[in-house]
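Peer 1: Grabbed the feature section from Swiss-Prot, which reads as follows:
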- H111, H115, D311: Fe cation binding site (BINDING)
- L133, V134, S135, G136, G137, D166, G179, N283: substrate binding site (BINDING)
Amino acid sequence: MNVIGIESSCDDTAIAIVNSNREIIANVVISQYTEHLPYSGVVPEIAARAHLKNLQYAMKETLNQAKINFTDIDVIAATSGPGLIGGIIVGSVFGQAIACALGKDFIAVNHLEGHILAVRLNENISFPYLVLLVSGGHCQFIAVLGVGKYKILGQTIDDAVGEAFDKTARLLKLGYPGGPIIEKLASKGDPHKYSLPLSMTKKSGCDLSFSGLKTAVKQLIFSIESLSEKVICDICASFQYTVVQILLCRSINAIKLFESYCSNNFKINRKNYFVISGGVAANQYLRQEIFNLANTYGYCGVAPPSNLCTDNAAMIAWAGIERLNANLFSSNFVPRAKWSVEEL
């Protein structure tokens, strides 16, 4: 079975073809980097127009990569939320039009579910498992009991991790997107040079907060008269270290909540998995620290490959396959900007 996946929820136009044997036959991503760079962030209207321009080319390139045509396609899956509504509508309607023309099923996919299930495209891990989903717009600890069966154990009460990275990069005039730039500079800096607040780490539960950290970084930057390359590297290292320490601290509580929740609702596996996914999970320092923590608590730390952590259509196609296999889909779905995984 061959499934086309379409992803357009933010600033990357992506189309992929994945089959039911867990093979990525084609995977095309068209970046909108140059369109948004002058604004140091994503402009929704510009993003939607770029998706409209890029989708037809991306589809043609995907079919060329796969060396197949539309008659070999069985199902169309497209991100239908959450995210920037303009881009979501463009991608979802594009997918529905193709499905209608081919007489094939259309599956509306939750973007976050794509991140949650992406690890199973490569690892084929069993349910249940714990996910730390860290991206530009979301930061959540999620108990994954099965396809469409999710419990949010904790989440950010204000800003997402990726947003904090981008904001810090803007303050330092480093460019966009901020995550990869800060990670690179942090490797050259001293992570203990500047002390930054470990927000909410003393509280129970596993909710998170990054607004205080953003404010502290802003105050630190404005207090330094000359931002030399060494100083910038030290700020990046201290910021990244603090983010990771916050996530590690809250992960310990998340593991305890996950085990408690599963013991009441599900038979937990002998081998437990702690998955980190989402765009920020491409950060190798964060990934390794989470793996180390998972191992300490008897879990196997896993993550999708870096190219499946950032927004991509292969994870959307795979989520479509998972939903099709579970018979959990409806072609009649209205795209939405907000859509919790607990509503699936």
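Glycine is treated like the rest: Cβ placed from N, Cα and C.
In the displayed structure, how are the listed features positioned relative to their neighbours?
Peer 2: Residues near H111 (Fe cation binding site) in space but far in sequence (CB under 8 A, at least 6 apart, same chain), listed by position: E7, S9, T79, G81, P82, G83, D311, I316.
In the three-state DSSP scheme, V134 (substrate binding site) is classed as strand. Around V134 (substrate binding site), the same-chain residues at least 6 positions away in sequence with a Cβ under 8 Å from its Cβ are A160, V161, G162, L247, I276, S277, G278, G279, V280, A281, L286.
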Peer 1: Pull out the binding-site residues from the set L133, D166, G179, N283 whose C-alpha sits within 10 Å of the C-alpha of H115 (Fe cation binding site).
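Peer 2: Those close enough are L133.
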Peer 1: Around the recorded Fe cation site, report the further residues of that chain (criterion: Cβ within 8 Å of the mean position of the Cβ atoms of H111, H115, D311; site residues excluded), sequence-ordered.
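Peer 2: Other same-chain residues with Cβ inside the cutoff are E7, S9, T79, G83, L112, G114, S135, G278, G279, N312, M315, I316.
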Peer 1: If you pair up every Cα among L133, V134, S135, G136, G137, D166, G179, N283, the residues annotated as binding substrate, what's the maximum separation in angstrom, rounded to an integer?
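Peer 2: So the maximum pairwise Cα distance among the substrate binders is 17 Å.
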Peer 1: So of G136, G137, G179, which of the binding-site residues has the fewest other Cβ atoms within 10 Å around its own Cβ?
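Peer 2: Relative to the other binding-site residues in G136, G137, G179, G137 has the fewest Cβ atoms within 10 Å.
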